[in-house]
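What follows is one structure encoded as C-alpha cells, with my remarks underneath.
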Amino acid sequence: MNTGLVLKRLILAVLTVAVLLQVSLSLVESWGQPQIQSRLELYQTNLLLHAAEGQSLATEGEEDLTAARNALLGNNPFKNAQEQYEQVLETAQTTQSKIIAKLGQLSSNPDVTTSIGDELAKPQMQIAPIDEAPMTSQQRKQLQKSFSQTEQLIDELNVRLGLLQAQQGRTEMAIQTWNELIEQETVESTAPATTPSAKTAAILAGLWSDSPRILPDAESKIQQNLDSWFQYRALFQLYQLQQRQDALVSLQAQEKERAKQALVKLTLISAIPGIGGLVGVGLLLFLLGQWLLQGERSLLATNSTIRWDTPWDGEMIWQVLILGFFFIGQILLPLFILPLVLSLFNLNPASFTVRMQAFYVLMTYIVLAAGGLGVLYLSIKDFLPLPEDWFRIKFRKKGIIFGLGGYLVALPLVILVSLLNQKLWQGQGGSNPILSLVLEGQDTVAIVIFFSTACIAAPLFEEFMFRGFLLPSLTRYMPVWGAIVTSSLVFAIAHLSLSEVLPLATLGIVLGIVYTRSRNLLAPMIVHSLWNSGTLLSLVILGSGGS
C-alpha cells in the first residue's frame, strides 16, 4: 500500500479522534448552560409590562389602542409576568443546584471556594451527587464562573419579583422577598448589602415599608441597577414619597411613550412568525395533499430519488468534513490561531466593546469559511470539471420560489419542535453566543456586522459545505432521504449546542428537501438567510425595549 496514503489516513484518524473529543466536550459543556429562550421570554415580558402600564396611563380617545393592548396582554398581565419570572427563577435555581452538585465532588480540593462550600451547606440546595469523571481545572473554573453568573441572575430575578408583588398590592410579600435577599448576602459576606442587587433590594424595601425610608443615592442606584418597567415602577414610588410632582409627570409621559413603542414591537414579533407560520401550515398541507394525490408528479416527489453522480469515495467526504470544517473550526482556529493572533497584538476579547466583538466574530467566521472552502477545493480539484448539477447556483425564479416556500414551511415545523425541545431540556442546553451579543448590544454598526455574518456569510459557507458537498456526496452510499437526514444531523451537531440539535436538524431537513428538489443551492441559501434574518430581527426588536 502507498506509504503516503497510509500516513494520510493515520493523520485523518488522529484528527478525527481529536475532533470527536473536542465536539463532545463542547456539547457536554453546553448541557450546563441556560438556553437563551428563557431570556427572550423575559425580554418579551418586560415589553408586556410597559404595554400594561400604558393601560393605566391611557387617556380618552385611545380606545383603539386599549383594545389592541387587551388583545396582546390578556386579563392580568402583572400576574402573568410574575409567573413568567417565577418559572425562570425556578430554572435558574435548578441550574445552580446542578452546578453545586458537580462542585461538591471537589469539596476536598483547595480550589473550591468558601462561598461554594457555604452554598453546599444550605438544605434547599442539596441534591444527590452526580458520578462523573474528575474534572479538569478548566472545567472547574467554568463551573465556578457559571455558579457566580447564576447566583447573580437569581438575585436580580428576586429584586424584580418583589416589584411585581408590590405592583399587585402584595407589599408584605415583596418586602419579605427583598429582605431574604439582603439577609442571604449578609450571611455569605458578613457585610450588609454589597452587591448591586442587595443594595437595590434594601432601597426598595425602604420605599415600600409602612414607615417609608429613603436611603442615600436611592435615585441613582435605581437608575443604575434597574431597567425597563422595573426602573419606572421604583422611580414612581420614590418620586411619590418625595412629592416631586414635576418629576412624576415627566416620568409618566416617558412611560406612556414607551408603552406605545412596546405595543408596536410586541405586534411585530408576534405577527411576523404568526402570519408566516399560518401560511407555512397551509403550504405544508397543500404539498402533502398534492403528494398523496399526484404521487411522483408532485413537488415533494420531484428529484426525490435522483442521486448525484459522485466521482469521489467516502474517504474524501471524511477528509473534507473533518479537516475542512471541524478541525479548522473547533481546534486549529480557537485553540491555536486566535490565541496566537490575540497574543501578538496584545488583545483581550473580554475587554472588547460590542462593536469589536461583532467584528471579531465576522473575521473569525471569514477565516473559518476560507479555510474550509480551501480544503474543499484542494480535495476535489483532481475531479474537476464536475458534473453539471454539482454546486449549482442559478439566479432563477424557481430557486427564489423554492427558497421563500421553504422558509414558510420551516417556520411552523421548527417552532413546534422548539416548543417540544424546551420541555425536553427544561431551559438547559446552551445557545449560540452570538444571540446574546445581538440581544444586549443594540449598537447599529454591530448589528449590521452581525447580520452580515449570520445572514450572508453563514448561509453561503454552510450551504456550500453541508448541502452543496456533504448531502450529494452521501447519495453515493445511501438514498436521497438518508443523505438529507444524515447531513442535517451533522449540520445540527456542528453548532455545538445540545438544545439546538433537534430544531436545527429539522431546519436542516427542510434545507435538504429544498435543495434536492430544486437542484439549486440558491434556494437553501435563501431559506437559511431568511431564517437567520428573522431570528436576529426578533432579537433586535426585543433588545431595543425589553432589557
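Residue 1 is the first one shown; counting continues down the chain.
Any Cβ shown, glycine's included, is placed from N, Cα and C.
Sequence-distant contacts of the transmembrane segment (266-288), counting only residues of its own chain at least 6 positions beyond either end whose CB sits under 8 Å from a CB of the stretch, comprise 44, 47-48, 51, 68, 72, 298-300, 405, 407-413, 415, 534, 537-538, 541-542. Look at TrEMBL and you will find 266-288 (among others) tagged as transmembrane segment.
Residues or ranges marked as transmembrane segment by TrEMBL: 316-338 (among others). Counting only same-chain residues 6+ beyond the ends of the transmembrane segment (316-338), those with a CB under 8 A from a CB of the stretch are 12, 15-16, 18-19, 22-23, 26, 364, 367-368, 371-376, 379-380, 465, 469-470, 473-474, 490, 494, 496.
For the transmembrane segment (358-378), the residues of the chain that approach it from at least six positions outside its boundaries are 319-320, 323-325, 328-329, 332-333, 337-338, 349, 352, 434, 437, 441, 443, 445-447, 449-450, 452-453, 457-458, 460-461, 464-465, 469, judged by C-beta separation under 8 angstroms. Taken from TrEMBL, the feature transmembrane segment applies to 358-378 (among others).
Annotation comment: TrEMBL describes 399-421 (among others) as transmembrane segment. Beyond the transmembrane segment (399-421), the same-chain residues lying 6 or more positions past its ends with a Cβ under 8 Å from any Cβ of the stretch are 37, 273, 276-281, 283-284, 287, 499, 502-503, 506-507, 510-511, 513-514, 517-518, 520, 522-527, 530-531.
Annotated transmembrane segment per TrEMBL: 441-461 (among others), in sequence order.
What TrEMBL lists as domain 'CAAX prenyl protease 2/Lysostaphin resistance protein A-like' is 447-533.
According to TrEMBL, the feature transmembrane segment maps to 482-515 (among others).
Feature annotation from TrEMBL assigns transmembrane segment to 521-542 (among others).
Residues of the domain 'CAAX prenyl protease 2/Lysostaphin resistance protein A-like' (447-533) grouped by DSSP class, helix first, strand second and coil last, total 75 helix, 0 strand, 12 coil. Taking the domain 'CAAX prenyl protease 2/Lysostaphin resistance protein A-like' (447-533) as a whole, pLDDT averages 94 in the prediction.
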